[in-house]
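First up is the structure itself, then whatever we jot down about it.
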Amino acid sequence: LGMSKSQGCFGYPLSIFFIVANEFCERFSYYGMRGILILYFTNFFSWDDNMSTAIYHTFVALCYLTPILGALIADSWLGKFKTIVSLSIVYTIGQAVISVSSINDLTDHNHDGTPDSLPVHVALSMIGLALIALGTGGIKPCVSAFGGDQFEEGQEKRRNRFFSMFYLAINAGSLLSTIITPMLRVQQCGIHSKQACYPLAFGVPAALMAVSLIVFILGSGMYKKFQPQGNIMGKVARCIHFAIKNRFRHRSKAFPKREHWLDWAKEKYDERLISQIKMVMRVMFLYIPLPMFWALFDQQGSRWTLQAATMSGKIGALEIQPDQMQTVNAILIVIMVPIFDAVLYPLIAKCGLNFTSLKKMTVGMFLASLAFVVAAIVQVEIDKTLPVFPNGNEIQIKVLNIGNTTMNISLPGEMVTLDSLSQTNAYMTFDVNKLTSINISSPGSPVTAVTDDFKQGQRHTLLVWAPNHYRVVNVEKGKGGTVVFCFRFVNTFNELITVTMSGKIYANVSSNNASNYQFFPSGVKGFTISSTEIPPQCQPNFNTFYLEFGSAYTYLVRRKNGSCPDVQSFEDISANTVNMALQIPQYFLLTCGEVVFSVTGLEFSYSQAPSNMKSVLQAGWLLTVAIGNIIVLIVAGAGQFSKQWAEYILFAALLLVVCIIFAIMARFYTYINPAEIEAQFDEDEKKKSLENSNPYIMSGANSQTEM
């Protein structure tokens, strides 16, 4: 140990670099996994947006509730070092489990590209997420404090610089991972059928978590490790509990009122502890409105990512994935923090304005509220371009003529004439109850009535190829929008055909029938058609044109000149047109809000808390994040808005109201200097000990302190 103190680098303890590297890997692991989580829910599990958002925010809330547990374990039982090591092991296992949960071939026994028992995957991923929440939350309060422990007295300046490096490591980790993991996700991988590569996208964060653990353990010999200090949170809770109990016991008029309700704990606890808890309680009271900010802030990973999924990712030559938009926040943080510190705050001070911590936080809330107004405006633009699916008791029908003759189709209220190999431009919407007969005919042949029980709330394609030959194909609600486009084939051959398209198989599509849609990442795709009917000299390989986000197509496979196969494409859903770049203003506003709110809030809490209560306040701060995510659950669950923009406006309005309440609370807050109060106690104690050792000191001083 004597040696380790002399081991240093640029005047910093060498152990610090292990801690910063560990934090970088851990944050990379966490944000990488969390970034793709919402799309994993919607694409892999096929959950709807509301269900996915609910599970996502439940997970984030858990991640911010478990720090209290981590702090308790570290303070009263294992100490920081052992807590970090043991919970990191739990964390690594959790990351590995969620990676395994996303392996398609785990339950895909018939190799058709879809898992045969989804519940297995869901159960595994939920176990993984629970372990991750315990791990990441549990080590959160320990790592930064453990880093702070490595400095000697008198190294305050270096310690502050360490916290800056630490914050930079967090942002560098999150920035890199939100760029890299979506790239891994869109790769195609799989044993029997090629799928979006979630196992790799979750696997890399898992590997980095293992690296983070190893790096941390490697530095073990150099760390200064302190024994657990005893559970300060428990002490605070017991003191508050005693004060309340005591107050209720002495309710009658016979007992004089005390200045503060905590003063009722004086019978059992010393004044210093009581005054420290008072300082903490005053800050905690200000925390009450804060969760509303986090409710908006954490929707970047859920609602805003789902919003990006309905947009076009082409920016110049680049194609951005929806889950990569979250990097805008990380990039802007790295740019904005120095700008605010070095340029903006000094400018405001020069103008003679007293821009206090609480005023900054109020501005931060206001900016986040504005960001959601902007998000709502963008949503209105997107809604104009999205396909309209049938509601409740409506159905939608599109007619596709795959025969060689012109066909007439009479639908309620309109007559459609379709040439060979053509389709109606759009889906036509009908009320199920008012849907009278649909008839098909061609010149010189009898009329055939279409009998089919159309399923309400669904889209249908009516395939017609001869006067009395038709087939109604149900269209699953195309997940046009979520990062992919979808594709199906219609077979006009007499025999079965099988189509293989970039690793996915459309097996045995029967004659005059349509396959199901399958989903692909954007780009140009090659496909191969195989059938016993195709002569050997024919070319069975084809390429699609460039396919964009959110579009859906039907490819008609037919004979060219009576023998070789040929394909003709029909657009079912047009590609997303609103560009993702339109999300940048809302990210900019939210990030500016984060800089003035989050960074300031932490500094404020630190400056207003006594030294031994920092961990209690840290836990309180993280608790506001957890409650914020629970608010999203309640609002998104209870709201059930038919329009997404209305939900954004509701959140913006709620935060604006809270912002005004907070501004009023802040007006009545008086700033204190905990160090001065502590020093006062030290002085009083010195006096007391002097008096005790020398009872002949003039009693005047004594009587004054009693007053």
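Just so it is clear, glycine is given a Cβ too, placed from its N, Cα and C backbone atoms.
Feature annotations, courtesy of TrEMBL:
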type: COMPBIAS; residues: 691-707; note: compositional bias 'Polar residues'
type: REGION; residues: 684-707; note: region 'Disordered'
type: TRANSMEM; residues: 28-47; note: transmembrane segment
type: TRANSMEM; residues: 53-74; note: transmembrane segment
type: TRANSMEM; residues: 81-98; note: transmembrane segment
type: TRANSMEM; residues: 118-139; note: transmembrane segment
type: TRANSMEM; residues: 160-180; note: transmembrane segment
type: TRANSMEM; residues: 200-223; note: transmembrane segment
type: TRANSMEM; residues: 279-297; note: transmembrane segment
type: TRANSMEM; residues: 328-349; note: transmembrane segment
type: TRANSMEM; residues: 361-380; note: transmembrane segment
type: TRANSMEM; residues: 587-607; note: transmembrane segment
type: TRANSMEM; residues: 619-642; note: transmembrane segment
type: TRANSMEM; residues: 648-669; note: transmembrane segment
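Listed as Cβ neighbours of the transmembrane segment (361-380) (distance under 8 Å, sequence separation of 6 or more from its ends, same chain) are residues 292-293, 296-297, 303-304, 307, 578, 582-583, 585-587, 589-590, 592-598, 600-601, 604, 643-646, 648-649, 651-653, 655-656, 658-659, 662-663, 666. Only pairs six or more apart in sequence are counted, and the transmembrane segment (160-180) with the transmembrane segment (587-607) gives fewer than three Cβ pairs under 8 Å, not enough to call it a contact. Counting Cβ pairs under 8 Å to the transmembrane segment (28-47), the top-ranked stretch among 118-139, 328-349, 587-607 is 118-139. Within the chain, the transmembrane segment (587-607) has long-range Cβ neighbours (under 8 A, six or more residues past its boundaries) at 283, 290, 293, 296-297, 300, 304, 325, 328-329, 332-333, 336-337, 340, 357-358, 360-361, 363-368, 370-371, 374, 614, 617-618, 620-621, 674.
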